[in-house]
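Asker: Feature list, courtesy of TrEMBL:
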ACT_SITE  H253  active site
ACT_SITE  E308  active site
Amino acid sequence: MMIAKGLKDVVAAETRISHIDGEQGKLIYRGYDIGYLTANHSFEETVFLLWNGKLPSASEAMELNKALAKNRALTPAMKAVMNALPKQLDLMSVIRAAILTETPGKARQTPTIDQAVRLTAVLPTIIAYWQNSTCGRTAKEPEEAFTHIENYLYMMNGERPAKAQVDALETYMILTLEHGMNASTFSARVTASTESDMISAITSAIGTMKGPLHGGAPSGVIELLNEVEMPEKAEQVIRKKLTAGERLMGFGHRIYKTHDPRADALKQKLLQLRGKDSWLDLAVHVEKVAVDVLHELKPGRSLYTNVEFYAAAIMKSIDLASELFTPTFTAARIVGWTAHVLEQAKDNTIYRPQSQYIGDFKEV
Ligand code: ACO
C-alpha cells in the first residue's frame with residue numbers, strides 16, 4: 001500500500017473555487033487571477049464571486065453589501081457565552097464558542113449561502129467584542145453604512161479608519177479568502193462530508209487554522225523579527241535557528257515551489273503603505289538573508305516567504321495587535337471555508353482514507 005504522509009500530492013476533490021499553480025506562483029479564484037481581483041474589485045465583490053461563481057452585477061453587489069451589513073450584530077446568546085469565558089482564552093477558541101450558539105437544531109440541515117453570509121458578517125464583530133472587552137473597553141456597535149473592512153477596523157479601534165489602512169487590510173483579506181485544499185479547508189470539507197451542519201464544519205476548520213504551522217504562523221514572524229532586532233544580527237539568528245532544527249515562520253509552502261504570489265502582492269502594498277521605514281527595511285532584509293541561508297542549508301527545497309510573512313507585517317502596520325493576526329486571517333478565510341462546504345454538500349462523498357497498521361499482533 002502506498003502511503004502519502006500528510007496526504008502530500010493526493011488529489012481528494014474536484015473544485016471550481018480556486019486554482020493554485022505552485023510552479024508558476026499563480027493563484028486563481030473562479031477563473032480570475034488574484035492580482036486582477038485586488039486591483040479591480042472590492043472584498044464584497046470577490047466574496048460574491050467565490051460563493052456564486054461569477055462577479056456580481058451592480059444590484060447583486062448592493063444586495064450582498066446590505067445582507068452583510070444587516071448580519072453583523074451579535075445575538076444575546078453570543079454575548080452571554082463570551083462573557084462567561086475565561087479572559088485568558090485565545091481568540092480562535094472564543095470565535096468557535098461564540099458561533100456554536102448558531103448551530104441549527106436537531107433536524108439535519110443542509111448548509112446554505114445565508115449561513116455563509118451570517119458567519120462572514122458576524123466574525124469581525126465577535127473578534128472586536130472580545131478584544132475590546134479583554135482590554136476593559138466596549139467595542140463600537142457595527143456601523144451599517146461602512147464597508148465590511150472599514151467596519152471591522154472601526155469596531156476594533158473605535159474610530160473611522162484611514163483609507164490607507166482600509167486599502168491595506170482589504171488587499172490582505174482578498175488575497176487570503178481562499179486557498180484550495182489547505183489544512184483548515186480540508187477539515188471543513190471532511191466534517192461537511194459526514195452531512196453535518198455548516199457551523200460544525202466551520203468549527204472544525206477554526207481548530208485546524210489555529211496551529212502554528214498554518215494560521216498561527218504570523219505571530220511567529222513578529223517574534224522572529226523582534227529577535228533579529230537589527231539587520232546586522234539577521235544571519236546569525238537565522239543560522240542559529242536552522243542549525244537547531246527550528247523552522248522559520250513565514251517561509252516554505254506545501255504547494256508553492258517558487259514565490260507565493262500573495263506574499264509578493266502584500267510586500268508591494270506594504271511598500272506603498274509605509275514608504276521607507278526601518279521596520280519594513282528589517283523585514284525585507286530578513287527575507288533576503290533567510291532565503292539565501294535556507295537555499296544553502298536546505299538545498300533543493302525551494303523555500304521562500306509564504307503569505308504569512310508579509311501578512312504579519314501588514315497587520316502590524318495597521319496597528320492590529322499580534323493576537324488579532326490569526327483571527328483576522330480567519331475572518332477572511334471563512335469565505336473560502338463556506339464556499340467549500342457548499343460545494344462539498346452539492347456533490348458529496350464521505351472522506352475516509354485508510355491507515356497502515358504498523359503495530360504488533362499479539363499471540364494470546
Ligand atoms: N524553515 C526551515 N525549514 C523548512 C521550512 C521552514 N519554514 N519549511 C520547510 N522546511 C524544510 C523542512 O525542514 C524539510 O527539510 P528536510 O527535508 O531536510 O527535513 C523540507 O523543507 C520540506 O519540509 P516539509 O515539512 O516536508 O514541507 P511541507 O510542504 O510539508 O511544509 C509548511 C509546509 C508546513 C508550511 C512548512 O514550510 C513550514 O513549517 N513553514 C513554517 C510555518 C509557516 O510559515 N506556516 C504558514 C504556511 S502558509 C499558511 O498556512 C497560510
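Glycine is treated like the rest: Cβ placed from N, Cα and C.
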Asker: How many other Cβ atoms sit within 10 Å of the Cβ of E308 (active site)?
Answerer: 28
Asker: List every residue in the same chain as H253 (active site), at least 6 positions away in sequence, whose Cβ is under 8 Å from its Cβ.
Answerer: G22, D260, Y304, N306
Asker: What does DSSP assign E308 (active site), in three states?
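Answerer: In the DSSP reduction, E308 (active site) maps to helix.
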Asker: Look up H253 (active site) in the DSSP assignment and report helix, strand or coil.
Answerer: coil
